[in-house]
Structures are given as C-alpha cells and as structure tokens.
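*Asks:* The structure is given below, and queries will be raised subsequently.
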Amino acid sequence: MQNDPIGLMDSGVGGLTVLKEVQRLLPTENTVFLGDQARLPYGPRSVAEVTMFTKQIAQFLRQQARIKALVIACNTATAAALTTMQQTLPIPVIGVIAPGAQAAVQTTRNHRIGVIATAGTVKSDQYRRDILAAAPNSQIFSVACPEMVTLAEQNDLTTTHAQSVVAANLASLMDKKIDTLVMGCTHFPLLRSAIQHAVGSQVTLVDPGLATAEQTVAILKTRGLLNSATTRGTAQFFTTGETDQFDTLASQWLDQQPTPAKHVAIAQLTTPMEVN
C-alpha cells in the first residue's frame, strides 16, 4: 500500500497548485489527479450535489489507481464533503480549509484576515469558524470571487483584463485593514501576482496548498504510508474537460513536465463501480 498513489481531486485545474506542493514535499510519491472541469464551477452548486460529485471522483480514483489517501484539493468540496468522506472512506482524507485557516492564524499580526473563495465556500462559513476556533479575537472578512475562477480556467492570469477583474473582486476588502489574505480557492494562487498587486505588498497572501501538503506528509507518516522509494514518483492526470486546455496549464504550473491528461466522461463517474 505504501507504493499506491496519493489521489487529488478538484473542480478544475486549481488543485494543481496543491499537487505542486505535494510533489515538492514528497517527490518520491506517486500521484493521480482528477480535475472535474466539465462540471465546473462547484461554487454555486448545493452541498448535496458537490458531495455527490466528490463521492463519484473518490470512487473513480480508488477503482482506477487504488489510492492510499485522498486530498480534496478544492475548498468548495472540502466545505461540503470532507466530513462525509472521512466517515465513509477507509483511507485518510485531507481537506484544504483547516490547514489554510491555521496558516492564516500563524501569519496575521493584527488579527484582521481576509478570505477570498467561491460562493459555496463563503456560504459554508468554514474558514471563519476554523479561524475563530484557533484565534477567537480575529476579525474575518470573506468575499466570493467566482469570476476569478473563470480567469484561472481560461489561463487569463496576467493580462490587463485579469488585473481589472481581480481588483474589482477585491475592492470591498480595501478599507478593512487586513494584513493577511487567504486564497481560499485552489485556483487563486495561479492569480497570485494580480492579487498581490490589488491588495498591496503590506498584505501577506496565504496559500492553503502548502499547509495542506504539510498535513498530508504528517498523516502519511503517522499511518506508515510514506513511499520508501528513492526515485521520483509518477503522476497521472485525468480531466472531465478538454485535455489540451488542461495540459497547457499543467505544463506551465507544475515543476516537472506532466504526462498528458486522459479524458474521463461524466458517464464513467456516474456509473457504479466495484472498489476493492
């Protein structure tokens, strides 16, 4: 089981930002990633629907690759489905919100923290609850930024148009005197430059992907699941969307040249499968 891959899932390509950190911290681990681009965005969908999608993807990854752990590299899916998945799967399941919230608490100096995310993540209130549980004196300002997900998926990251959209989405945070901003959607680190420009250098950006990768290391070590290999691990990619679009962004973002993604039809996810 130690040689089995770590599974990662997202609504699109944003979860590659988490995969990048996992590969950096665990270079010998095998990984398999599925981006559900055909059903993007998850943000406006109901908790029940996002949970169903998450279950389908987990089942697919377990059937295809016998994953030893699942990283829900999507804030919306973490908010909706993490507890359910942890209760139903016989493998470790790691989400991105708790690690991101803890990183924000450790980063802030004035305890005024901004959170940018999808509508679903903001509505769940999970970041606010997790931050306040660790630091009750914090003030949290949350903003839903669905247009920024679209920018990332379209690989529109550094244009004047992208900067304008980001600035408009973050405008309501400008008078809140935050010193820390959580990028509470795994797509948003792709827009780091535009986000930093919009909020100014006095605001520290928190990427939950790094903290999530660190938690993944700790959990695998505790469970005795770390791969003992000394060679670089393999990486498989699946998408329910256009493979060319996925491959372009994956090759730009990841440190190593990725293998081409394989297309997965939605019917393959919705058809019941046997999982050993």
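We count from 1, first residue shown onward.
Glycine is no exception: its Cβ is also placed from the backbone N, Cα and C atoms.
In case it's useful when we look at the structure, here is the feature table from Swiss-Prot:
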type: BINDING; residues: Asp10, Ser11, Tyr42, Gly43, Asn75, Thr76, Thr186, His187; note: substrate binding site
type: ACT_SITE; residues: Cys74; note: active site, proton donor/acceptor
type: ACT_SITE; residues: Cys185; note: active site, proton donor/acceptor
*Asks:* Give me the CA-CA distance between Gly43 (substrate binding site) and Cys185 (active site, proton donor/acceptor), in Å, as a whole number.
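*Replies:* Cα-Cα, rounded: 10 Å.
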*Asks:* Taking the residues the record says bind substrate (Asp10, Ser11, Tyr42, Gly43, Asn75, Thr76, Thr186, His187), how far apart in Å are the two Cα atoms that sit farthest from each other?
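*Replies:* This binding site's residues have a maximal Cα-Cα distance of 12 Å.
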*Asks:* Rounded to a whole angstrom, what is the C-alpha distance between Cys74 (active site, proton donor/acceptor) and Asp10 (substrate binding site)?
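*Replies:* Here the two Cα atoms are 5 Å apart.
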*Asks:* What's the CA-CA gap between Cys185 (active site, proton donor/acceptor) and Asn75 (substrate binding site) in angstrom, rounded?
*Replies:* 6
*Asks:* An 8 Å radius from the center of the Asp10, Ser11, Tyr42, Gly43, Asn75, Thr76, Thr186, His187 Cβ atoms defines the neighbourhood of the substrate site; name the other residues of that chain inside it, in order.
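*Replies:* Going along the sequence, the neighbours appear as Gly12, Gly14, Gly15, Leu40, Pro41, Cys74, Ala77, Thr118, Thr121, Val149, Cys185.
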*Asks:* Translate the DSSP assignment of Thr76 (substrate binding site) into the three-state scheme.
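*Replies:* Thr76 (substrate binding site) sits in a helix per DSSP.
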